[in-house]
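Q: What Swiss-Prot shows for this protein is this:
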type	residues	note
DISULFID	CYS31-CYS76	disulfide bond
DISULFID	CYS41-CYS54	disulfide bond
DISULFID	CYS55-CYS100	disulfide bond
DISULFID	CYS74-CYS116	disulfide bond
SIGNAL	1-27	signal peptide
Amino acid sequence: MVRVVSLLAASTFILLIMIISSPYANSQNICPRVNRIVTPCVAYGLGRAPIAPCCRALNDLRFVNTRNLRRAACRCLVGVVNRNPGLRRNPRFQNIPRDCRNTFVRPFWWRPRIQCGRINLTDKLIYLDAEE
């Protein structure tokens, strides 16, 4: 009987830890997916491709639907820009959400002076100190 109670308590504890940590674990592992999705947008931003494939790709970012995922996606985009310096002050890249008429990605799309750690689900645009 004691063994069953101990096993049940241990199982409950492990399940609780998994539930609590899952949003953070998921937000840490999204960069490969975000990078793959925005590849056509990088090509467009650098003047190497038309905008249509980028606009279609942005719809795949709908999985970024929690505060932690939006913040993580924002950090991924900062990484993309840091690896492609031609995008840093590039209005063509910054204006992709507007040009694609995509309001969903605007709050976490990269732009100068964005603070990824301050993004929430209801944010429109956040311009603060540069996060580079």
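Keep in mind that glycine also has a Cβ here, set from the backbone N, Cα and C atoms.
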Q: Distance between CYS31 (disulfide bond) and CYS55 (disulfide bond) at the Cα atoms, whole Å?
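A: CYS55 (disulfide bond) has its Cα 19 Å from the Cα of CYS31 (disulfide bond).
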Q: Nearest to CYS116 (disulfide bond) by Cα, among CYS41, CYS54, CYS55, CYS76, CYS100 (disulfide-bonded residues)?
A: CYS76
Q: Could you say which of the disulfide-bonded residues CYS54, CYS116 has its Cβ with the most other Cβ atoms inside 10 Å?
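A: That would be CYS54, with the highest Cβ count within 10 Å.
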Q: Spatially speaking, which of the disulfide-bonded residues CYS41, CYS55, CYS100 is closest to CYS76 (disulfide bond)? Use C-alpha to C-alpha, please.
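A: Closest recorded candidate to CYS76 (disulfide bond) by Cα: CYS41.
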Q: Nearest by CA distance to CYS74 (disulfide bond): which of the disulfide-bonded residues is it, out of CYS41, CYS54, CYS55, CYS100?
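A: Of all the candidates listed, CYS41 is nearest in space.
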Q: Reduced to three states, what secondary structure does DSSP give CYS100 (disulfide bond)?
A: coil
Q: Return only the integer: C-alpha distance in Å from CYS100 (disulfide bond) to CYS54 (disulfide bond).
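A: Each residue's Cα considered, CYS100 (disulfide bond) and CYS54 (disulfide bond) end up 8 Å apart.
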Q: Take the Cβ of CYS74 (disulfide bond) and count every other Cβ within 10 Å, whichever protein chain it belongs to.
A: 25
Q: Give me the CA-CA distance between CYS41 (disulfide bond) and CYS55 (disulfide bond), in Å, as a whole number.
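A: It is 8 Å, counting Cα to Cα.
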Q: Helix, strand or coil at CYS31 (disulfide bond), per DSSP?
A: helix
Q: Taking the disulfide-bonded residues one at a time (CYS41, CYS55), which has its Cβ surrounded by the most other Cβ atoms within 10 Å?
A: CYS41
